[in-house]
Amino acid sequence: MNMIEFVGLASLFFAMVGSAVVETRRLCVVRTHHLNREPPGSVVPMSGLWLMVQFIVIGVGEAFHFPGQVALYYQEFPKSLRSTSTAMISLLIGIGYYLSTAIIDSVRRSTGWLPDNINDGRLDYVFWLLTAIAFLNFGYYLLCTKLFKYQNTENHENEASAYMGDLAVDVVVIADVALTLSKMHRQRQEVLSENRDSRRSGYAEGLRKTEHITANSAKQETQQMARLVFKSVLGWHHVNPCIFNPFLETSTMCDWFMCTNPPCSETALRKKKKKMESLQTTSIPSDQAPSMKHSKRGGWTTFPFIIGAVMGLTLAAGAGSSNLIVFLVTVMNIKSINATQINNIILGCYSLFPIAGAVIADSFFSSFYVVSVFAFVSLLSLILLTLASTIHSLRPPTCVIGSLACEAPSKLQYAVLYLALALASLGVGGTRFTISTMGADQFKKPNEQGTFFSWYFFTLYLASAISLTGIIYVQDSVSWGLGFGIGVVANAIGLAVLLLGKRFYCHTKPKGSPFVGIARVLVAAVRKRRKLETVQSQGYFHGDNTKAISSPTESLRFLNCAALRFEDDRKSDGSYSSSWWLCTVEEVEDLKTLIKIMPLWSSSILLSTTIAMINSLTVLQALTMDRHLGPHFKIPAGSFLVFSILATAISISIIDRFLLPMWEKLTRRSLKPLQQIGIGHVINIFAMVGSALVETRRLRVVRTHHLNREPPGSVVPMSGLWLMVQFIVIGVGEAFHFPGQVALYYQEFPKSLRSTSTAMISLLIGIGYYLSTAIIDSVRRSTGWLPDNINDGRLDYVFWLLTAIAFLNFGYYLLCTKMFKYQNTENHENEASA
């Protein structure tokens with residue numbers, strides 16, 4: 001693995017280190033001012049801008065690893081699981097959040113790092129723990145990459161080589177044409193004045209007079225120019241037929257070429273005449289007419305509509321979830337750690353539900369209808385949240401945070417809250433990654449799909465950054481009702497923009513549930529394996545696919561039995577028996593692809609878990625730190641996540657425009673999705689280390705000021721800007737591994753699972769959130785690291801635990817990459833040469 005492969009993971013690792021350092025600094029300020037003895041919520045005299053560093057580093061890391069993961073999954077997943085492949089990144093994030101919750105709970109149970117008053121805890125230890133987890137996860141990633149082998153790169157490389165060859169030839173041709181034209185220009189100007197009447201009858205007659213009047217050298221140069229121009233046009237015809245088809249179909253062009261090069265042109269005209277006759281005498285079947293109509297759809301015309309919808313829906317989702325912890329604590333009077341657990345569960349649902357949406361899109365409805373319906377569901381959720389924040393009967397009375405007089409929500413209030421959050425989870429689940437598959441389906445070339453993915457993630461992070469700054473500021477400083485109302489308007493606009501572009505979209509028809517085919521292969525393989533011991537087979541079954549490979553691959557050979565034909569498989573009428581007894585070779589190979597990529601996909605679960613835990617625990621850190629920028633402005637605690645988003649968005653742009661071209665120029669090969677994901681793993685480890693160091697520093701300040709003895713909420717005299725470090729590193733790592741995973745799954749999944757492939761990242765995120773919840777719960781039960789007052793806990797130990805987990809996970813990833821082999825690389829390699 002080359003050095004650039006470590007950028008994404010290295011950024012994330014540094015983000016963990018930065019978070020730990022910032023928290024160490026904050027705790028030092030806390031202890032200096034004895035704020036650890038103050039009630040929870042006491043403000044630490046330390047600027048919240050310290051938190052910017054970790055967020056920026058996290059964002060840079062995300063700019064590497066998230067696009068890398070998307071590209072990897074989109075590329076390597078079977079084609080039937082394309083939607084699922086792009087959603088796998090969401091699954092990773094969800095799993096990460098749940099794991100973060102589990103880790104937090106474990107730390108709280110086994111240590112005193114995470115009390116309710118974090119000024120009295122050791123949040124820096126938690127960040128150091130996360131740093132260790134990220135480091136171990138990076139080792140696991142290196143192991144996986146060592147074992148992994150791309151499957152779907154050959155075609156792209158071949159196509160690219162062809163384009164590069166065409167380009168080289170046509171550049172020479174165009175140069176020759178230019179030289180010829182420069183020589184002929186003067187001669188043609190002399191002839192044009194004498195041939196105006198001939199020009200009215202067409203180029204052919206005009207050129208005949210030109211040949212008659214000019215010298216033999218001019219005539220030869222004219223013929224040479226015609227041959228070169230026609231050759232260049234024919235050579236570039238496959239690149240952009242929309243431009244050259246009208247040119248080639250005009251009689252003027254053909255007549256002109258005929259007069260200058262009769263032998264070649266007569267052959268071309270004969271072919272054209274036969275083609276026109278066949279078009280006039282051949283009728284188009286009715287079942288093919290729709291496909292011809294739809295072939296004119298898609299392309300870059302649909303880009304503004306899809307990106308506009310992504311912007312609006314992401315802003316709406318951010319309005320409902322970005323500041324959720326603060327909303328639960330300050331408005332709904334829910335305890336901080338419990339609010340963190342609820343937040344992780346909801347964010348896990350945000351990431352797991354896209355898998356269900358992708359499966360629905362792949363199996364029953366097109367992506368457009370799934371996105372449209374769930375965008376409306378998301379609109380309903382934001383309306384409920386707006387009502388809950390404005391109607392007094394739907395929320396408990398306002399009180400001081402941490403006060404014993406705070407009244408818990410009633411059953412009705414809990415019911416409305418949970419209904420709104422459930423609808424929000426459904427809305428995000430059906431739109432976030434299904435719309436990415438819908439966008440990728442509008443393009444045919446992998447390089448155009450990759451460009452779309454880069455812009456999709458850029459828009460996603462830009463909208464998230466806006467919601468994490470502007471909308472959160474409105475919620476904290478103006479009113480929660482107005483903040484949620486902005487989300488309602490953004491959601492409505494996004495849905496309207498999506499519907500306006502309906503007539504331009506290329507709709508992919510679902511072919512039934514691909515998971516049924518997977519089950520059929522398993523059942524048929526077991527049945528045929530027993531039969532193979534007694535009966536001789538008659539070869540492999542391919543169905544109606546005449547272009548299928550002759551025999552399945554040798555890997556996972558026990559599944560090949562599902563495609564073996566026997567004499568009793570054919571019925572008396574010539575048809576074959578039930579598909580639960582006989583499967584095609586393509587179905588068998590699709591299942592093999594899924595099995596091969598699953599270990600690699602699983603290596604990103606803990607990666608998402610560590611990110612989920614940092615994102616949620618850092619909000620608790622920010623609540624206890626000095627978040628003032630100047631005397632009048634105070635950064636909302638939930639807005640620190642914007643540093644990660646911005647770092648990811650900026651890093652994606654830098655990676656796409658500078659790093660990747662530079663890498664290709666230096667190495668003469670493209671950076672593959674697995675390498676992007678590996679970089680993201682390394683950066684994630686550094687982010688964990690940074691988080692642990694910052695929390696260690698924060699707890700030192702807490703104890704210096706004796707704030708660990710104060711009620712929860714005491715502010716530590718330490719700037720919140722320390723938290724920037726870990727978020728920046730995490731953002732850089734995400735810029736590598738998330739797009740890389742989406743691209744990998746979309747590339748490697750079967751065609752019938754395209755929507756599912758893009759949703760696999762969502763599944764990862766969802767599992768990550770649930771695992772984070774489980775880890776937090778375990779830590780709380782077994783240690784005292786995570787009390788309600790984190791100033792009295794050891795959050796730094798939690799971060800060091802996450803660092804160890806990330807390091808081990810990276811080793812597992814390296815093992816998986818060593819064993820993995822790309823299945824769908826040919827097309828990418830062909831196009832890459834171009």
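Just so you know, the numbers here start at 1 and follow the chain as drawn.
Every residue gets a Cβ built from N, Cα and C, even glycine.
Keep in mind that TrEMBL annotations are predicted by a computer and have not been checked by a curator.
On a predicted model such as this, the values are computed, not experimentally measured, just so you know.
Feature annotation from TrEMBL assigns signal peptide to 1-20.
The transmembrane segment annotation in TrEMBL covers 48-74 (among others).
What TrEMBL lists as transmembrane segment is 86-105 (among others).
Annotated transmembrane segment per TrEMBL: 125-143 (among others), in sequence order.
Summarising the annotation, TrEMBL assigns transmembrane segment to 302-329 (among others). Counting residues 6+ beyond its ends, the transmembrane segment (302-329) has Cβ neighbours under 8 Å at 335-336, 338-340, 342-343, 346-347, 350, 371, 375, 378-379, 381-382, 385, 389, 401, 420-421, 424, 427-428, 431-432, 435, 438-439, 442, 452, 455-456, 459-460, 462-464, 466-468, 471-472, 475-476, 480, 483-484, 486-488, 490-495, 497-498, 500-501, 504-506, 616, 619-620, 623, 636-638, 641 in the same chain.
If you look up TrEMBL, you'll see 341-361 (among others) marked as transmembrane segment.
The transmembrane segment annotation in TrEMBL covers 368-392 (among others). Packing against the transmembrane segment (368-392) from elsewhere in the chain are residues 309, 313, 316-317, 319-320, 327, 331, 357, 360-361, 413, 416-417, 419-424, 426-431, 434-435, 438, 479-481, 483-485, 487-488, 491-492, 494-495, 498-499, 502, 505, 507, 755: each is 6 or more residues past its ends and has a CB under 8 Å from a CB in it.
Per TrEMBL, transmembrane segment is recorded for 412-431 (among others).
A Cβ distance under 8 Å defines the sequence-distant neighbours of the transmembrane segment (480-501), meaning residues of its chain 6+ beyond its ends; these are 302, 304-306, 308-313, 315-320, 323, 327, 331, 368, 371-372, 375-376, 378-379, 382-383, 385-386, 389-390, 435, 467, 471-472, 474. Among the features that TrEMBL reports, transmembrane segment is placed at 480-501 (among others).
The transmembrane segment annotation in TrEMBL covers 600-623 (among others). Cβ atoms under 8 Å from those of the transmembrane segment (600-623) belong to residues 12, 15-16, 19, 23, 26, 41, 48, 51, 54, 58, 65, 69, 73, 76, 88-89, 92-101, 103-104, 114, 118, 123, 126-127, 130, 133-134, 137, 140-141, 144, 148, 325-326, 329, 336, 340, 343-344, 347-348, 351, 635, 637-638, 640-641, 644, 674, 677, 680-681, 684, 687-688, 691, 694-695, 698, 713, 720, 723, 726-727, 730, 733-734, 737, 741, 744-745, 760-761, 764-765, 767-769, 771-772, 775-776, 790, 795, 798-799, 802, 805-806, 808-809, 812-813, 816-817, 820 of the same chain, restricted to positions at least 6 beyond its ends.
TrEMBL lists 676-694 (among others) with the feature transmembrane segment.
Annotation comment: TrEMBL describes 757-777 (among others) as transmembrane segment.
Annotation source TrEMBL lists transmembrane segment at 797-815 (among others).
Long-range contacts of the transmembrane segment (757-777) within its own chain (CB-CB distance under 8 A, at least 6 residues past either end) are made by residues 66, 69-70, 73-74, 77-78, 81-109, 337, 340-341, 344-345, 347-355, 357-359, 429, 432-434, 436-437, 440, 601, 604-609, 611-613, 616, 738, 741-742, 745-746, 748-749, 786. By the count of Cβ pairs under 8 Å, the stretch nearest in packing to the transmembrane segment (676-694) among 48-74, 125-143, 412-431, 797-815 is 125-143.
Long-range neighbours of the transmembrane segment (125-143) within the same chain, counting only residues 6 or more positions beyond its ends whose Cβ lies under 8 Å from a Cβ of the stretch, are 1, 9, 12-13, 16-17, 19-20, 23, 103-104, 107, 111, 113-114, 603, 606-607, 610, 613-614, 617, 677-678, 681-682, 684-696, 699, 726, 785-786, 794-818. Nonlocal intrachain contacts for the transmembrane segment (412-431), taken as residues 6+ away from its ends with a CB within less than 8 angstroms of a stretch CB, comprise 313, 317, 320-321, 332, 346, 349-350, 352-357, 360, 370-371, 373-375, 377-382, 384-385, 387-388, 393-396, 762.
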